[in-house]
Structure formats: C-alpha cells, structure tokens
Amino acid sequence: MSKKRSSSSNRWLNEHFKDKYVKQVHKNKSDIRSRAWFKLDDIQSSNNFLKVGMTVVDLGSSPGSWSGYAVKRVGKKGRVIACDMRPMLPIKDVVFFQGNIKNKCFFNFIETYLCHKKVHVIISDMAPNMTGHYFIDHIQAILLSKLALKMSIKVLSKGGSLLVKSFYGQEFNSFIQDVHVTFSKVKICKPNSSRARSREVYILASGRKM
C-alpha cells in the first residue's frame, strides 16, 4: 500500500471513530444498525414522504438501517420489502430477499413479486465497492442508481416516490434528466449526516407519472 493510500485510510479511520453519528450507532445498536439511518431520518424530517400504510421497497438494504426506519414509519398497515446481495439480520415485519439486483433473473424475480402489489415508495442506498478510481466508481454508482430508477418505472404506482443515492460526476446530470422523465418533482438532498467532502447525494423524486 502506498504512503498516500495509507495516509488516506488513517484519516478516514480517524474521522470515522470521531463521527458523532457513528458514536450514536454504537449507543443504539438494537435500533440503529448503521449511520445511514440518520441520512434517511434527515430526508424524512424535511420531506415527510414515508407515511402510515405505505408499501416500501428497500434496495441495497443490508445491514437494515433503512428497512428498520421505514417499517416504523409505515406502521402495521404498511409493509416493507427489502433486498440485498449481502445477508441481513431479520427485522420484524420486513420481508427480505437475498440476491444481486444487477442479476437479470433476480431483478425480474423482484419485479414479478411486486407487480401485483401497490408500491408507494422505493428507497435505495445502493453503492458499489469503491476502487479508489474516481471515474470507475462514479460509473458503477450511476449504474446502480439507474437500476433503482428502472425498478421504480416497473413497479411504482401513480404518484409514488423514489429516494435513490447517487454521486456527483460526469454522468450525474444525464441521470437527473432521466429521473425527470418519470417523475413530476425532483429534489437533490444532501443530509447533514452525509460527510461534507463526499460526492454522495440523494435524489428524492415524487409524483410518478403514468
């Protein structure tokens, strides 16, 4: 490992363990599985797009922070369906499927499972395994964002919403244009709990067109 990479890794570790959100995760492990919980909470607090009785699909759900948050918001009358290529410990009232959404067969399976259900919201915190090469990482991240958009086109009911992680970069504006085609309102969110120097943003698209 180069000195530059080692220095960068040490800086990240130092920031990670000093992070106030990470500290809160360690204090509330039974309720909050990762700092991603706070990102969804920030966005929900400002936009109130998750409501009682809704059906929510969580893409890239593991370790379960967003699913756990969503299931409390939709209540007993709602439902949460989650999927990830990694395993996820069970969460009460959350249906979980393990598989790679990039795999066409698994994507089609999820689509078929959802096609007769009225899906109100899709949330996606999917991100690729970062290589450290900016362009490669950006393209892989945008591909995952596009998969979430594709799923929303397939299964979201009229007026539904999509919350999807994305990253600023060369293909970002083109992706935003694609989102505008499907949704009447598109908002770019940078939660307080998202690290300031990160290119990570969240796109909240509402008013699914039919």
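Glycine too: its Cβ is placed from the backbone N, Cα and C atoms.
From the candidate list D125, D137, D178, the residue Swiss-Prot records in the S-adenosyl-L-methionine site shared with G64, W66, D84, N100 is D125.
Within 10 Å of K165 (active site, proton acceptor), judged by CA to CA distance, lie the following binding-site residues from the set W66, N100, D125: D125. Ranking the binding-site residues W66, D84, N100, D125 by how many Cβ atoms sit within 10 Å of each one's Cβ puts W66 at the top.
Summarising the environment of K165 (active site, proton acceptor), the number of other Cβ atoms within 10 Å of its Cβ, over all protein chains shown, is 22.
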